[in-house]
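Undergrad: Dumping what Swiss-Prot says about this protein:
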REGION    63-133  region 'Disordered'
TRANSIT   1-64  transit peptide
TRANSMEM  267-287  transmembrane segment
TRANSMEM  311-331  transmembrane segment
TRANSMEM  336-356  transmembrane segment
TRANSMEM  374-394  transmembrane segment
TRANSMEM  437-457  transmembrane segment
TRANSMEM  484-504  transmembrane segment
TRANSMEM  527-547  transmembrane segment
Amino acid sequence: MNLAVASFRGNFGVLSQCSSCCSLQFQPFVAATSSLNFGQTGTSRRKKDLKLERVFRKRETLVRVTETQTEPEGNDDEDNKEGKESSADDPPTKIPTELNSQSTVVNEAPGNEEENKAQFSSQDGDKLEVSSGSPLPGVNVSIIIHVIYKDDSIMFSGCLSFIKSCCEQPLQLDDSMRLPKETIDILRGQVFGFDTFFVTSQEPYEGGVLFKGNLRGKPATSYEKIKTRMENNFGDQYKLFLLTNPEDDKPVAVVVPRRSLEPETTAVPEWFAAGSFGLVALFTLFLRNVPALQSDLLSAFDNLELLKDGLPGALVTALVLGVHELGHILVANSLGIKLGVPFFVPSWQIGSFGAITRIKNIVAKREDLLKVAAAGPLAGFSLGLILFLIGLFVPPSDGIGVVVDASVFHESFLAGGIAKLLLGDALKEGTSISLNPLVIWAWAGLLINGINSIPAGELDGGKIAFSIWGRKTATRLTGASIALLGLSALFSDVAFYWVVLIFFLQRGPIAPLAEEITVPDDKYVSLGILVLFLSLLVCLPYPFAFTGNEAMMIGL
């Protein structure tokens with residue numbers, strides 16, 4: 001099994017505004033400072049009147065809230081550039097009516113008016129910088145604030161509270177667009193083109209940009225042309241993906257910074273965790289081949305002969321699993337695919353569930369993934385079948401071997417069919433048969449390879465299905481396989497644990513490939529289908545009774 005780290009998320013982030021600030025205007029590249037200008041005002045009162053008249057004069061103060069200038073993060077239109085040139089000349093937009101109901105007016109005591117005047121006059125001409133808390137660097141926010149004058153005193157405390165409530169509220173801007181606009185323009189104008197991929201629209205995607213459009217020519221050829229042009233313009237700074245949009249099954253191109261693809265480091269070293277899992281898996285392999293240890297684990301310390309008896313079976317099964325992983329490693333190295341250390345998963349029923357191996361880099365295309373995924377099961381099936389046949393032909397060394405009931409061969413269509421073909425009438429219902437233990441040990445290896453080849457999630461079979469039929473079909477097969485295993489779990493403990501393993505560790509999705517559109521060559525597709533077929537033969541039961549009439553079905 002190979003574990004790698006893809007679903008599309010092309011949703012735009014929503015620009016949310018403070019609920020108490022209805023006059024927010026987003027104007028990029030505004031000047032970095034602002035001033036509050038206060039003037040003199042006159043006020044008249046008629047204290048004896050039933051209705052106290054308050055005369056307010058409104059003066060607009062432009063408070064420009066800026067942040068450190070950084071690269072623009074988004075797929076801005078040409079209006080962005082025009083706004084930069086005209087923002088210094090054009091007057092700010094004024095929305096006076098909506099602010100009246102939102103502003104806070106503080107009634108100051110008459111005795112504090114002179115103190116307030118002195119306090120506010122000292123603020124006149126000072127520069128006020130307010131942090132907006134926006135998660136989107138490079139966007140400068142202009143806030144139009146109406147400062148309300150009352151009774152020759154400016155209600156500055158209310159305005160300051162208003163500024164604070166507006167500016168301290170984080171602006172939920174789209175943080176997924178991290179490519180500068182200049183980079184996007186180069187990608188659209190110089191990297192993509194009529195001869196490769198004609199871009200019609202673009203959307204944010206996982207720290208980069210997703211380009212929709214029309215693919216020209218063969219996907220593999222177009223990908224290489226686009227990749228070469230992008231490397232000529234940006235070097236190794238960005239990574240290109242040519243994928244299929246699951247929404248409409250049309251090709252899309254995705255460009256993301258390579259720094260966003262760096263794997264996360266773990267607190268526990270990989271080799272240490274893999275070694276720990278390997279020791280536990282080796283112990284469970286001993287347990288499976290020594291029934292006495294299953295009932296009394298402490299007896300192993302008193303009688304080492306028990307461990308000696310279980311050593312051959314553990315080594316044979318481990319050999320089949322090791323050849324399986326060796327097949328993955330050899331093919332991956334030939335294709336330049338880096339694999340992590342295998343994590344052997346222990347099992348109380350069959351000794352081990354096989355190994356989980358992480359793919360550490362991006363696979364180039366579906367054919368490469370198919371080769372790596374199919375190499376392990378093909379190697380494991382080949383060795384397992386050879387050992388299984390040897391066990392059926394070679395009699396037990398002690399003349400007794402392992403005595404089993406003939407019904408045990410109903411557990412596997414492949415094992416039952418081969419046994420009936422080679423043993424003939426010696427294999428009959430209701431009778432016991434003496435076998436070479438190598439048959440049972442090799443059968444365990446075949447079963448582990450067969451379950452790993454189920455077309456589900458990130459199992460080898462899941463990767464094979466993805467490589468042959470694409471991501472959407474592989475997802476459907478994963479659901480069907482988990483459902484069938486769930487039904488089988490009602491009758492088999494092994495199926496139950498495999499459902500748990502797949503659902504929590506190997507459910508997927510499979511990490512995106514660099515180019516997912518090109519279908520693999522027919523000869524590799526045939527090998528992949530052969531692996532899936534062998535998995536089906538190993539896991540399905542043998543339905544025919546072991547009698548002289550081979551056409552007789554069990555229970556009929």
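Even glycines carry a Cβ here, placed using N, Cα and C.
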Undergrad: So which residues does the transmembrane segment (336-356) touch in its own chain, when a touch means Cβ under 8 Å and the partner is 6 or more beyond its ends?
TA: 1-3, 270-271, 273-274, 277-278, 280-285, 287-289, 314, 317-318, 321, 324-325, 328-329, 363-364, 368, 372, 444, 447-449, 451-452, 493-494, 497-498, 501, 505-506
Undergrad: Out of 267-287, 311-331, 527-547, what stretch is closest in contact terms to the transmembrane segment (437-457), meaning most Cβ pairs under 8 angstroms?
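TA: Counting Cβ pairs under 8 Å, the winner is 311-331.
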Undergrad: Honestly, do the transmembrane segment (374-394) and the transmembrane segment (267-287) touch, with at least three Cβ pairs under 8 Å and pairs 6 or more apart in sequence?
TA: no
